[in-house]
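Structure first, then comments.
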Amino acid sequence: MARRGLLISFFAIFSVLLQSSTSLISSSSVFVNPSKVKQVSSKPRAFVYEGFLTELECDHMVSLAKASLKRSAVADNDSGESKFSEVRTSSGTFISKGKDPIVSGIEDKISTWTFLPKENGEDIQVLRYEHGQKYDAHFDYFHDKVNIVRGGHRMATILMYLSNVTKGGETVFPDAEIPSRRVLSENKEDLSDCAKRGIAVKPRKGDALLFFNLHPDAIPDPLSLHGGCPVIEGEKWSATKWIHVDSFDRIVTPSGNCTDMNESCERWAVLGECTKNPEYMVGTTELPGYCRRSCKAC
């Protein structure tokens with residue numbers, strides 16, 4: 001299975017990288033140092049890369065975004081359309097992948113760290129949170145049948161912190177499972193009340209938080225529920241990269257056609273995957289699968 005195989009392969013590779021404290025992974029001129037990565041949660045899977053972005057990269061992204069900030073919106077769970085909501089009170093803008101060499105370099109760095117294709121990612125969204133602004137707990141995978149058509153679910157999310165925040169502004173996972181023998185990496189006194197409601201990551205300029213919205217079998221992970229705590233003192237700048245299961249750049253074909261969306265569908269169907277993994281292969285009326293033709297579902 002392409003989707004399931006991609007996820008499982010990634011986690012296998014990533015676990016090896018986390019065990020290495022000295023090796024560097026490179027792609028062309030892009031280097032990733034596993035020793036700077038620490039796991040902050042296992043359920044959901046979440047990791048922080050300390051110093052992922054340089055000071056220059058952070059300041060450059062903020063500079064690009066300042067001129068085109070607009071109030072942030074959320075996706076309606078039924079229609080999939082964007083709407084304004086008090087759930088999300090930040091302002092933001094999208095930076096195209098090939099905007100300039102610095103942005104392209106960040107895109108390369110993300111792909112090298114995650115082992116995920118650049119074409120699966122959306123453009124980077126830069127956000128500004130001023131005093132009192134926040135993003136209530138939400139999921140990054142989709143509940144509507146519109147957004148999922150292009151690239152499938154958002155498999156992974158990377159939050160890159162572009163500024164330090166004096167107080168507040170943490171990213172919190174309120175439903176994350178907290179190990180009974182957890183060693184606290186943060187002094188609870190340094191966290192806001194919002195952040196104390198679960199496992200939280202304090203925004204530090206240059207750091208990046210990577211977490212997965214799906215389980216390795218491509219099923220949505222409800223423990224990936226997360227939110228951005230209100231900024232109490234200072235200002236918060238961040239950049240979000242959503243990475244989908246499949247290509248986000250690929251042109252979506254018109255609906256109504258009985259086609260397979262993966263060249264391996266016919267082989268998988270012969271191997272019995274239509275019944276073993278019906279969510280991916282067949283799907284539902286609202287969220288059609290990727291191999292409906294080979295599974296004789298249309």
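We number each residue from 1, going along the chain as drawn.
Note: Cβ is positioned from N, Cα and C throughout, glycine not excepted.
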Candidate from HIS60, HIS226 that Swiss-Prot assigns to the same Fe cation site as HIS138, ASP140: HIS226
Second cysteine of the disulfide that Swiss-Prot assigns to CYS295, among CYS265, CYS274: CYS274
Member of CYS258, CYS265 annotated by Swiss-Prot as disulfide partner of CYS291: CYS265
Nearest of the binding-site residues (HIS138, ASP140, LYS236) to CYS258 (disulfide bond) - Cα to Cα: ASP140
Lowest local Cβ density among HIS138, HIS226, LYS236, which the record lists as binding-site residues, within 10 Å: HIS138
In three-state DSSP terms, the structure that CYS265 (disulfide bond) belongs to: helix
Set of same-chain residues at least 6 away whose C-beta sits under 8 angstroms from CYS291 (disulfide bond): ASP260, MET261, ASN262, CYS265, TRP268, ALA269, GLU273, CYS274, TYR280, MET281, VAL282
